[in-house]
């Protein structure tokens, strides 16, 4: 029984090219040649994005584009994709240098996320670029988890996490939050918070600092998404 056979059984897909699945789990510290997951991860990033958006559009045909974009931000985040990888014990299959293994890097959310994306790219390529098959397998394993997250209150409200995931992934920077005013009586205060990122600034108001930050982050997310759309 080869090292990936148990995973293949769990997924319900048998790789024709065993080197391809091995490559999907090979960290650059283990192999600095082209035999690591970096290129597969590049393809897998777009593939997982597409399959996730497809689930959202089919499940919520009446949601506005802005709402779907914000939901997608959570569902393709490093943290969430790493949790999907952990649900299939991906950390057990990662090929990594001894030094990185001692540091526990095989459980690092960033690496788990990369491997998760690379794995789906590997299936897509190995199947002869069969998008229908790849999408069917992905939905079989993760559609219920994705929809469960969409319906959870924590996902709907945590715009700060979504914003930080996007800014760190694309620009390697974090937004900054400042309280700019607190008004009203002690029992009914209104907080105004600004969110700063690069040359952008948004504000949010709420009856707590936390809520005001979420509103400011939500507004910043919308601006960034609008700006990205203008570039395409």
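In case you wondered, yes, glycine gets a Cβ from its N, Cα and C as well.
Copied over from Swiss-Prot:
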DOMAIN    4-128  domain 'RNase III'
BINDING   41, 114, 117  Mg(2+) binding site
ACT_SITE  45  active site
ACT_SITE  117  active site
DOMAIN    158-226  domain 'DRBM'
Binding-site residues: 41, 114, 117 - member with fewest neighbouring CB atoms within 10 Å: 41
Extra residues within 8 Å (Cβ to Cβ centroid of 41, 114, 117), Mg(2+): 37, 38, 40, 42, 44, 45, 113, 115, 116, 118, 121
Number of helical, extended and coil residues in the domain 'DRBM' (158-226), per DSSP: 34 helix, 23 strand, 12 coil
Spatial neighbours, same chain, of residue 45 (active site) - Cβ under 8 Å, 6+ residues apart: 117
Integer mean pLDDT for the domain 'RNase III' (4-128): 90
DSSP three-state assignment (helix, strand or coil) for residue 117 (Mg(2+) binding site): helix
